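Features as listed in TrEMBL:
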- 297-332: domain 'EF-hand' (DOMAIN)
- 337-372: domain 'EF-hand' (DOMAIN)
- 1-21: signal peptide (SIGNAL)
- 68-92: transmembrane segment (TRANSMEM)
- 104-125: transmembrane segment (TRANSMEM)
- 145-166: transmembrane segment (TRANSMEM)
- 206-223: transmembrane segment (TRANSMEM)
- 235-257: transmembrane segment (TRANSMEM)
- 424-443: transmembrane segment (TRANSMEM)
- 463-485: transmembrane segment (TRANSMEM)
- 497-518: transmembrane segment (TRANSMEM)
- 524-545: transmembrane segment (TRANSMEM)
- 552-574: transmembrane segment (TRANSMEM)
Amino acid sequence: MSRTPLHLVFLLCFLILCVQSHSSRFASISSSSDLVSDGVNDLQEPSYLRLNTLPSNSAPEEACEQSYGFLPCTTSVLGNMFLIIVYGYLMFLAAKYLSAGSELLLEILGPGIVGGLFLPALGALPDAMLILVSGLAGSAEVAQSQVSVGMGLLAGSTVMLLTLIWGTCVIVGKCDLEGSVAIDSQDTKGFSLTESGVSTDIWTSYAARIMVISVFPFLIVQLPQMLNSTSGRHLAVLIALIISISMFIIYCLYQVFQPWIQRRKLAFVKHKHVIFGLLRHLKQQALGRLLTENGEPDKEIIDKLFSRIDENKDGRLSASELRALIVGIQFEELDLDHEDAVEKILNDFDTSRDSHVDATEFGNGIIKWLSQVQGSRTGRADDGPHTMKFLHNFHQETKREHDLLDVGEQSDEVVEDVEGGKGVLIKAILFLLLGTAIAAAFADPLVDVVHNFSNATNIPAFFISFIALPLATNSSEAVSAIIFASRDKRKTASLTFSELYGAVTMNNVLCLSVFLALVYMRGLVWNFSSEVLVILVVTVIMGLLGSFRTAFPLWTALVALLLYPLSLVLVYVLDYVFGWS
């Protein structure tokens, strides 16, 4: 935020200009009071100088209405275009301040409640503000005409995030693909459509699946239209609103507890690595025989292994003896903490909880682990007890799970004391308040300008808001995502795409809840079949693509980029060729 003073200077200058500005007014030709004698001809029917330049046969233009009584307005195409740029830039500043404040707050307070409940809503605040004011202004008839601006923003934001930004992130973050994994910072394949791209972790796939589920309220509210029924539409909006709000709450709770879920699953996979490492080591010490000819654990061999590990021959294994055993095991270059591995073995083997493992506990623990490995094997049914091929298969499966779960150094989710924490907290709150104030102040003027520009150009307001407004409310997030993805690392790619999926999910639950509340409370007509279809098509296609893949070659970027113009064409054809709306 090094350029914050420049932004504030711009804001101050703009407000000064607004105070000094006044709107254009047009005089009507309704009476002679609007006319002035030229003072030359003193005839019975004197000639007059007209105060306006309108042709005598044209209707007077409607004067534009200033927002808040002082913000500038215009009726010309270029004037409205300029105001869209200005107000759009102010909404961009609002999103930027909210993002900066959110990052500072997260740095101080950590994920948990703040990261799960507060920050996701802040990220969608500019969009929600614009959607809200689009349906609040004027009478129900005015709101019905302007609410298409809110729907255009909702659809345009979702489509832009999943097409233009998603595809660009794949291109700028591409690395060489080997199998289904991208090699960090290695880009020798050029623009190969199949051998160059990005890969993500399994958590990103989960985020994509949640995004697909979040479109369910769209299906509910659209159900009467699909059944060609005119009754029950108001009820369908209410049901969709309740479901949407419920999904928003559930999603926030998931964001709160998700770090704990991730840590537990990752710990489970590391536990499986310990199981494999110890069993492989014991197999080597036992000359390849841990099972009898019948495939049962060989207790005699297991007892001999226990005696070999028990260095002081006291009939039980201490933590130091287990640590010495663990140190000699190679975990396939995986960074597993030795103390953590010892603790895992003690937790599984030491049933008496005396911090030692006797011969019986050791034997029962090895048998338990062998049964667990055999139960999860993926090899052929004829794997013999001597080949132990199922152990190799278990190892490969565990490595794959670990690779999907952990693509880099995992955060301990513990927030250290931030130096100057009080000052950073004050700065974060100021950024959040400033961003919220700007979004609240300029959302209504921006919606009015879009509507005026639509009237001046005869371009439907939906298409203007679909293209222009997401650039204002999501450009800061888009630039950050693209820069982050360009680091050419799998971990950063996973975080980037997870944030994109999360942003769309917030659109589908929070912003849609605001929109449905407007429609229901003001008694508006839900007539957005083509727009909903576009949201469903793009979200489902990109969501399914992200749900069942962790590798995205360059050809997937082309699919995403092409979906953007196809979405505009689809809405136009459905509305203006087939007359859906």
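Just so you know, glycine gets a Cβ as well, placed from its N, Cα and C.
The stretches the transmembrane segment (497-518) and the transmembrane segment (68-92) are not in mutual contact, being linked by fewer than three Cβ pairs under 8 Å (pairs 6 or more apart in sequence).
Computed over the domain 'EF-hand' (337-372), the whole-number mean pLDDT of the model equals 78. Counting Cβ pairs closer than 8 Å and at least 6 residues apart in sequence, the transmembrane segment (145-166) and the transmembrane segment (424-443) reach fewer than three and form no contact. With a cut-off of 8 Å on Cβ pairs spaced 6 or more residues apart, the transmembrane segment (424-443) and the transmembrane segment (524-545) reach fewer than 3 such pairs and are scored as not touching.
Scored on C-beta pairs under 8 angstroms, the neighbour of the transmembrane segment (206-223) with the top count among 68-92, 463-485, 524-545, 552-574 is 524-545.
Here the transmembrane segment (524-545) does not lie next to the transmembrane segment (463-485) in space: the count of CB pairs under 8 Å, restricted to residues six or more apart, is fewer than 3. Non-local neighbours of the transmembrane segment (463-485) in the same chain are 84, 87-89, 91-92, 95-96, 99, 123, 126-127, 130, 148-153, 155-157, 159-161, 164-165, 168-170, 172-173, 198, 446, 450, 453-454, 492-493, 495-496, 499-500, 503, 568, 571-572; each lies 6+ residues outside the stretch with a CB under 8 Å from one of its CB atoms.
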